Amino acid sequence: MVSRFEHPAGGYKKIFETCEELAEPLPATVTGRIPSYLKGSLLRLGPGLFEVGDEPFYHLFDGQALMHQFDFKNGQVTYFRKFVKTDAYVRAITEKRVVITEFGTFAYPDPCKNIFSRFFSYFKGVEVTDNCLVNVYPIGEDFYAVTETNYITKVDTDTLQTLKKVDMCNYVNINGVTAHPHIESDGTVYNIGNCMGKGATLAYNIVKIPPTQKDKSDPIEKSKVVVQFPSAERFKPSYVHSFGMSENYFVFVETPVKINLLKFLSAWSIRGSNYMDCFESNESQGTLFHIARKSPGEYIDHKFKGAAIGMFHHINTYEDQGFIVFDVCAWKGFEFVYNYLWLANLRANWDEVKKAAMMAPQPEVRRYVIPLDVHKEEQGKNLVSLPYTTATATMHADGTIWLEPEVLFSGPRQAFEFPQINYSKHGGKNYTYAYGLGLNHFIPDRICKLNVKTRETWVWQEPDSYPSEPLFIQTPDGVDEDDGVLLTIVAAPGSQRPAYLLILNAKDLSEVARADVECDIPVTFHGMYKP
């Protein structure tokens, strides 16, 4: 699952360049045959505007949200894209400068204002960004483009028009929610975010949003907190990007990457800082693993602990014979991986890109197992009795249970990331296959498939081609877990047609079809297939 290619020509720099939105959908040129059951559209989000006038955005997660749509109709494909008209975007375009501070870019105060109005605007506090460049998902009958703040943006997935900005703080006690909810088959949405807990301490809340309401009212208005996880540090919540959910449990991984809230609140107005400045690593905490029952929501107070990892994406979580098994894309150590995702690093020449990645945390696909039945007296003994895994859980004298993972895949500076599974059939259940985007020194250059039971791997890769997260679509009458196709957007900067939608057979990653377009497509993070 390791990359076969080097990238000395630096074609990858193209995926971090500004592009224009489209006035109307462009027809794509199809090679091969589009499966007849693909009748909907692929929707993806990512940055599309990397500077405003002469002011650059500095971090991968700063560029303004661009929504992409590949539409399938009777074997034909069209491509369309629009910027999401967030406050951050509209104000930047209007004032021709960065107005709202983004993840790694500070917005300077309006130079046209006098000293008094500048002084007073400090006291209004921070304007939190609504730049929803990370993902799109359904809530009830509606669709929302999202980032990781308290703002989500309702969009029309047909016309790509922006409908309204929604503040989740108006409905639940949450400082922000992740871009990785879990969605059940009936449409119930679960998400996690940090919040103020009891007695001015920080905590993490799991929020449940019900499916479409009979009376057609907005399900968001019925959002409620179902369970709360404690925070290891009073004023420093861990950065949380996703969480695990099986049929009856939630899994929350509390990593050593912390948000220093005091720094976050003070430094902002004074020193011209951004979100990135507020992260720090707790080098002694290691990683804490928490579980909670789903319904009724109940925190299970056992201290599960492991070596320090950074973690963004859970792959899948399931229960088996009294254990919770959860697979994650881990990064070893306590250093924050986002430190390596400044645009200047990603746009560097290939030798420089490789040199920077040498210093970064190492990626690894890991399986952890948590025993549900824990007894104090079983000190020093491995509590995991599942026959098929080498993952262990050992009770220590102080009552903590130390978790050692099973490594499912490891390759130096070769990450299996942006994981996807057959979610509709196997999300929260025992499963065999994970699909992912292969990062080669942080540059995406292949599509990977991993059998989590046998560790067998498959790879799709072409020279000077830069794919995105693969989404799995099940064949309607499919029997096997991997009966279906993967959809990915590939940038191929040097070629005649510089980007295409690629359809792969999920069984062996062989090409089924591609749909070429005559424009560049920048990096995208996450998305969905809307039937």
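Keep in mind that glycine also has a Cβ here, set from the backbone N, Cα and C atoms.
TrEMBL labels come from automatic prediction, so no person has curated them.
Look at TrEMBL and you will find HIS180, HIS241, HIS313, HIS526 tagged as Fe cation binding site.
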HIS180 (Fe cation binding site), number of other Cβ atoms within 10 Å:
20
What other residues of the same chain, not counting HIS180, HIS241, HIS313, HIS526, have a CB atom within 8 A of the CB centroid of the Fe cation site?
VAL134, ASN135, THR178, ALA179, SER242, PHE312, HIS314, PHE418
Applying a 10 Å Cβ distance cut-off over all chains shown, what neighbour count does HIS313 (Fe cation binding site) have?
19
